[in-house]
Amino acid sequence: MDNRLGEKIIQIGSGTIIKALLIVVAFVTFYYLRDIILVVLFAVVIASSVEPGTQWFLRRRVPRVLAVLLIYFVAVMILVIVFYFLFLPLLNQLVTLLSSLPGYLGELQVWNPLQNSELLSSSSVIEGFSKNFSLAQIIEQINASISSLSNGFFSTASTVFGGVLSFILVIVLSFYLSVESAGVANFLRIVTPAKDEKYILDLWKRSQHKIGLWMQGQIVLAVIVAMLVFLGLTLFRVENALLLAVLAGIFEIIPIFGPILAAIPAVTLTLVSGGMTDALLVVGLYIIIQQFENQLIYPLVVRKIVGVPPLLSILALIVGYKLAGFVGLLISVPLATMIVELLNDIGANKVAEVKRLQSSSKK
């Protein structure tokens, strides 16, 4: 018997080879142009954030160009005010904190639970563990990195947006996309097949609306939490209250774990400078603010606007930071919003197809 009767012959046509080559070329192009692509995506996110405000002006019969100019002018004025009244004092507090950090770390050795313990003398196993778990070694390593951290601060700040040129390019592109009412839509029409054009444009319109509302919601949430933290820490006379409040606002981009990460430095600094009682008060302050945020602010500001689950947001932030650093961190959740919209459409189409098949089988 011929054993080849059960074999299947797989033929690879020229069209399949061309498609595979095009996919490889697309990946290679994306790799070499990833910085430019990230700049464009970041500009799209900013333009989407401006769009709700632009629509508000358009409903009041203000020309689109004038509306965008007003929004950008107000944004620039806010940045100037923030720089003068917030960034400069914040920088002073950061310099003070960096200079005082070695002293804080030295005082933290007092809170080592394995130091001067009678249990250590009666157990060689615990004694060996205590030697391996020496806070002094950790403190020495942190002290050694402080100088490099402070020396590289300005070089790190200069690369936040990939350089001054990239930052200017982001602003120019976002302004152009904001002025052109269908700038991104026209680009999508060019690169999208005709049969999918209507759906892709509808998907982009829905995603753009959610991205804009998400950005506005995150800004409102960060400002509210930062103000509450600043007022609470100032009331408890905690040092570097402004720096810790800004840190709390920044960490609000991380769902669930953001408030916890923001509370760690505040509690630690309060512990070494004010003692256990003050540290417990700060812990209580952050718990109250977190509960207030979870029960009132977050549901009203973010959850009802963007239907992205917190776990997916965390994964998006991790992947975005791993792939593209700070800019990837900023655009990760907006991209996740588009993916969620696409998955919802796929699920809805699948349910509709199942119902259609069931109804046809009954006939």
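Here, residue 1 is simply the first one shown, and the rest follow in order.
Glycine is treated like the rest: Cβ placed from N, Cα and C.
Copied over from TrEMBL, here are the features:
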type	residues	note
TRANSMEM	12-30	transmembrane segment
TRANSMEM	36-58	transmembrane segment
TRANSMEM	65-87	transmembrane segment
TRANSMEM	153-179	transmembrane segment
TRANSMEM	213-236	transmembrane segment
TRANSMEM	242-264	transmembrane segment
TRANSMEM	271-292	transmembrane segment
TRANSMEM	312-340	transmembrane segment
Requested in this report: Could you give the residue numbers and ranges of same-chain residues that sit at least 6 residues beyond the transmembrane segment (312-340) on either side and whose C-beta is under 8 angstroms from one of its C-beta atoms?
Outcome: 34, 38-39, 41-42, 45, 48, 160-162, 203-204, 207, 210-211, 214-215, 253-257, 306
Query raised in the report: Given the transmembrane segment (242-264), which of the listed stretches 36-58, 65-87, 213-236, 271-292 has the most Cβ pairs that are under 8 Å apart from it?
Result: 213-236
Report summary line: Near the transmembrane segment (213-236) in space but 6 or more residues beyond its ends, with Cβ under 8 Å, are 45, 48-49, 52, 242, 244-246, 248-250, 252-253, 259, 262, 266, 270, 278, 281-282, 285-286, 289, 292-293, 297-298, 301-302, 305-306, 308, 333-334, 337
